[in-house]
Amino acid sequence: MSSKIQKNYRTKEEDEIQQLTKQISKISIKAQVPTFESIARGISKGEYKKIIIMCGAGISVASGIPDFRSPKTGLYANLEKYNLPYPEAIFDISYFAEKPEPFFTLARELYPGNFEPTPVHHFFKLLEKKNVLKRVYTQNIDTLERCAGVSENKIVEAHGSFATASCQNCGEEYKAIDIKSTIMSGKIPYCKYCEKGIVKPDITFFGEQLAQKFWWHESDFPKADLLIVMGTSLQVEPFCDLIKNVPQNCHRLLINNVEVAVNRSSGYRKKTDMGFKFNEKSNYRDAKKIGDCQKSIKELVELIGWNKEFKKLMKKK
Ligand code: CNA
């Protein structure tokens, strides 16, 4: 009898403990799910020391360079004048070998020197100054990270950039400035050494090897404690797959004007099951800030409490 009472009593106690544990674990899981605001607090308190940025064309739109895929304003929506068989042809290496003119016409519009870095680019520099920037992985070719003063060893231009160029025939290397006047005058730059090959800016075209530095991700990403993804549709492989390479406990923040890498039907989640899980119960590490990235970064800086330095940095340029 007594043992039965005790057993019942224990069972009740166990039940209560179990219920409490459940509640606590719910609370702590909830508390752990990061938000834009909690991440700002974390940066402010120095809790994130190895921040990796992954960014794309959206961060440079404010400087006047259109992105690829924004409906109406993106480059792909405005390529009629180039008379291309398909939009990506403008960056396709086999198409370029036959018809380099469309690329050089576009290059004239995008050439470095014509654009200023945006607040987002200056934010990267601020992270570097604060010693918390592990690396910026950019898909952009506009060199605006460099223009904002981010050190070269902190930038991985995964798809190359206009900063250097090389002869398609003999491999002779050139600096952007060496071929700028030819490109700007509407001509195609030919190699002055072999006199045969076209000098192509070292941008990675579809069908070409990625920049060597891209492979730094193998040692960088496993060390990250915060990943910020900004201004990219995360559609270009293998770059887009990098978001899965940070540690399981690394917070991931998307700052973009639309959600990306969440859609199972797009195949993204099917392939890696590592897309963002903002809207799922199982989410414990993904946060998002949907809207204009320039506005969001200014808000983030304000929340962190770095406003004064940020403004100083932007004036300095
Ligand atoms: P994308 O596919 O055009 O995606 C851009 C993303 O940014 C989209 O999700 C947009 O919704 C979003 N976006 C646009 N403007 C803003 C804004 N103001 N605030 C927040 N989000 C915004 O471009 P990706 O970079 O994803 O694609 C990779 C390509 C683009 C790379 O190979 C680049 O070389 C190429 N590209 C680079 C540049 C550049 O260097 N500035 C310009 C155009 C294309």
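Glycine is treated like the rest: Cβ placed from N, Cα and C.
Listed features, source TrEMBL:
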DOMAIN    30-307  domain 'Deacetylase sirtuin-type'
BINDING   D67, F68, R69, Q139, N140, I141, D142, T232, S233, C293  NAD(+) binding site
ACT_SITE  H159  active site, proton acceptor
BINDING   C167, C170, C191, C194  Zn(2+) binding site
Recorded positions whose CB lies under 6 angstroms from ligand 1, from D67, R69, N140, D142, H159, C167: D67, R69, N140, D142, H159
Among H159, C167, C170, C191, C194, which are recorded as recorded positions, the nearest neighbour of D142 (NAD(+) binding site) by Cα: H159
Cα-Cα distance maximum in Å, computed over every pair in D67, F68, R69, Q139, N140, I141, D142, T232, S233, C293 that the record assigns to NAD(+): 18
Candidate nearest S233 (NAD(+) binding site) in space, where candidates are the recorded positions H159, C167, C170, C191, C194 and distance is Cα-Cα: H159
Closest of D67, R69, N140, H159 to C191 (Zn(2+) binding site), Cα positions, recorded positions only: H159
Local confidence of the prediction over the domain 'Deacetylase sirtuin-type' (30-307), expressed as mean pLDDT: 92
Cβ neighbours of D142 (NAD(+) binding site) where a neighbour is any other Cβ within 10 Å: 24
Assigned element (helix, strand, coil) containing D67 (NAD(+) binding site), judged by DSSP: coil
Inter-residue C-alpha distance, N140 (NAD(+) binding site) and C167 (Zn(2+) binding site) (nearest angstrom): 22
Tertiary neighbours of C194 (Zn(2+) binding site) (same chain, Cβ under 8 Å, six or more apart): C167, N169, C170, E172
For D67 (NAD(+) binding site), nearby residues of its own chain (Cβ under 8 Å, 6 or more apart in sequence): G56, A57, G58, S60, V61, T73, G74, L75, G231
